[in-house]
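S.K.: First, the structure itself, so that you have it in front of you.
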Amino acid sequence: MSATHTMARVDVIRVKGGARLSGDVSVGGAKNSALKLMAVALLAEGRSVVANVPRITDVAIMAEVLRRLGCEVSLAGGEATIDVPAEPGSETDYDLVRRLRASICVLGPLLARRGYVRVAHPGGDAIGSRGLDMHVAGLARMGAEISGEHGFVIASAPGGLRGGKIWLDFPSVGATENLLMAAVLAKGVTEIDNAAREPEIVDICDMLTAMGAQITGAGTSTLTVEGVEALKPVRHTTVGDRIVGGTWAFGAAMTRGDVTVHGVQPAYLEIALDKLVSAGAVVEPGDNLFRVRMEDRPKAIDIVTLPYPGFATDLLPMAIGLAAVSAGSSLITENIFDGRFMFVNEMVRLGADIRTDGHHAVVNGRERLSGAPVRATDIRAGAGLVIAGLCADGVTEVGEVHHIDRGYPDFVADLANLGVDVERAVVAEPTFDF
Ligand code: EPU
């Protein structure tokens, strides 16, 4: 009889429930800053160094994006060293963009330097449709002509970009970044209103300013950029990853643990940490570190995600996890991504009592969850499921961990250092043939 299936090898993370996170953990550079800082390097010929880059798959893919644009890139010792040629390439293919949506951030800098760019359209993904309309409208305001064909976004500005006044419909992180990177070399003054205010945007502004860009208003809703002729390469250190830091903060609260997180300014997590205090945690902020400890069962709290400084959408899976083990009912509202609740079904497999309606989730807390095999549907959902598994009876096995690898360097080692019985394993999974 012939075989009806073949076996594929997949990575899983297994955690033993009933754990309590305890100890110190160091957080490296922010993924969502480092990727963009690497694109910022494109704006100046010569060698730029981005330090404190996290060792994650996305950074390796971004390095490949830059190599294909003619840069020499080396990743070693937590640094990305990027040698940018006088005339970088102008095309980024779908095989890379589909694995790293963030590679769309080369649009602005390449348009500014080359006057022409062809980048594969990133399409949608698991957490939502993620349009490009604000990127396109903003660049058009700066004189670019933009079209789309055969799955590519094609932009040109033969006479060069010129400054203009741009109002964003929504403080989009990606659009703000692309427009900033285009504006620094445009002729005249660009004003971006309703700009995103994330610490990662401030980080990009800091690197651009060190390169010679003229920017005011970083961290506010209005960014004013006076274009300059040319920028010079620099060395810049990436800001700490507030989402990874926030993940540990929620983990400490959910497991009634005691964790000191190093490498993240608590001010960048103000609302999230305040929510944990409302849930009953004790939070002690310090300089580039904070401590979170929780003695009793968390109290239910309502959470609404919003652009920074609001509660970060990337911490929503952790918020749902906290609510799932809290005493009482929590109302969690997601305002940024329409597909963010995709992972809720996996949380339900762990015994969580969650009902969703549109962009709201009502979570009735349970004393304990129940360990089960689940799968990560995106980076943050993956981390949230592992942390939720710590509050479950028995073992939780999280599959599709390649998602977690995209955003959490050393996740398993960090969990082990915080006292968790955890392992990463390769398991054989049947694939059924017809
Ligand atoms: N949007 C549009 N049109 C646009 C741009 C955005 O409709 O032209 C919509 C998107 O569809 C989405 C919302 O606006 O619904 C927010 O998009 P935004 O541009 O602010 O986000 P992003 O740049 O695509 C970054 C992070 C996300 C993070 C969000 C919000 C990177 C690589 N990604 O995405 O991070 O959730 O900002 O803070 O920086 C993650 O790290 O896991 C992650 C998803």
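Each residue, glycine too, has its Cβ placed from N, Cα and C.
According to TrEMBL, the protein has these features:
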ACT_SITE  ASP125  active site, proton donor
BINDING   LYS31, ASN32  phosphoenolpyruvate binding site
BINDING   ARG101, ASP314, ILE336  UDP-N-acetyl-alpha-D-glucosamine binding site
DOMAIN    15-415  domain 'Enolpyruvate transferase'
S.K.: Given the model, what does the mean pLDDT over the domain 'Enolpyruvate transferase' (15-415) come out as?
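M.R.: Average per-residue pLDDT within the domain 'Enolpyruvate transferase' (15-415): 96.
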S.K.: Tell me which residues of the chain lie with their Cβ under 8 angstroms from that of ASN32 (phosphoenolpyruvate binding site), as long as they are six or more apart in sequence?
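M.R.: Result: ALA102, VAL173, GLU198, GLU200, ASP241, ILE243.
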S.K.: Can you give me the Cα-Cα distance between ARG101 (UDP-N-acetyl-alpha-D-glucosamine binding site) and LYS31 (phosphoenolpyruvate binding site) in Å, rounded to a whole number?
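M.R.: About 13 Å separate the Cα atoms of these two residues.
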S.K.: Go through LYS31, ARG101, our binding-site residues, and report the one whose Cβ sees the most other Cβ atoms within 10 Å.
M.R.: LYS31
S.K.: In the structure shown, which of the binding-site residues ASP314, ILE336 has the fewest other Cβ atoms within 10 Å?
M.R.: ILE336
S.K.: Measuring Cα to Cα, how many Å separate LYS31 (phosphoenolpyruvate binding site) from ILE336 (UDP-N-acetyl-alpha-D-glucosamine binding site)?
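M.R.: One finds 19 Å between the Cα atoms of these residues.
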